[in-house]
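Take a look at the structure set out below.
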Amino acid sequence: MSVLQTELPSLSGKTCLITGGAGGLGKAIAIAFLKAGSNVVICDINEERVKQTSAELEGMGSLLAKTVDITKLSEVQQLFDDISSKFVKLDILINNAAIMDRFEPVGDVDPELWDRVLAVNLTAPLLLSKLAVQGMLLQENTNGSIINIASGSAKAGWLAGKHPITMQTLKHGLIGLTKSTAAFYGTKGIRCNALMLGIIGGTNLNDAFQNGVHPEGRQKLGEILSGVRPLPCDVKDIAELCVSLATGPGWNVVNGAVIAVDRGWTSIVG
């Protein structure tokens, strides 16, 4: 009896851009796309991490690593110019980069932090998606895919112990961006979907807790997680899902979807 083995689809000739690609989930996604034969572009604001990841992934495939502040349109435009120069076209965009808030409720929210989180987590995906679709539409046979990385906080307030105002509001916005993009460009050969992640291991989120969080927000997080403890998802599994969703068999009919990636957790607490 033969054992059925699953393989990632071949992405030879495809080019994928991953924001926040120098660490955590972004790095895992980059590795998965390199293994699938794709040209991979990673960008990250952390220059040292970009250099380290670039050196680590050297030899795995065709890689372009850039230090970019994705909140600045001029730097994003330069990134797309660099992609065009090296790989000619972009086929897949994964909006993965994000920063944390401090679990502040609306009465205590810091307007400056709000603006910063908004810029990274929502405005930047808009800018990147804008330039991505403009380039994709110029291709002779447009077959583009945009994947937005969202979370359980996009579903309901405090779901998954997530953020009471800033991140929750912005993740809802990211879902709106996903559906709007999918609705307008689906008939033009560009799909846009979102992954609504639960708890994942192997990320940089623990760094955020070193900067201090709202004490009551931290308490709520503990209460929710102790009520129905989620099973964490491995970044490798999420990365391979991104590859399949981008170009895998059967996924070409999936557009505008918000896919829960949490081992069924939101089916219990959602």
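Just so it is clear, glycine is given a Cβ too, placed from its N, Cα and C backbone atoms.
As recorded in Swiss-Prot, the features of this protein are as follows:
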{"type": "BINDING", "residues": "Ile18, Asp69, Asn96, Lys130, Lys171, Ile200, Asn204", "note": "NADP(+) binding site"}
{"type": "ACT_SITE", "residues": "Lys171", "note": "active site, lowers pKa of active site Tyr"}
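Features per Swiss-Prot, on structure.
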residue : record               : Cβ within 10 Å
Ile18   : NADP(+) binding site : 29
Asp69   : NADP(+) binding site : 14
Asn96   : NADP(+) binding site : 26
Lys130  : NADP(+) binding site : 14
Lys171  : NADP(+) binding site : 26
Ile200  : NADP(+) binding site : 20
Where Asp69 (NADP(+) binding site) falls in three-state DSSP terms: coil
DSSP three-state assignment for Asn96 (NADP(+) binding site): coil
Assigned element (helix, strand, coil) containing Lys171 (NADP(+) binding site), judged by DSSP: helix
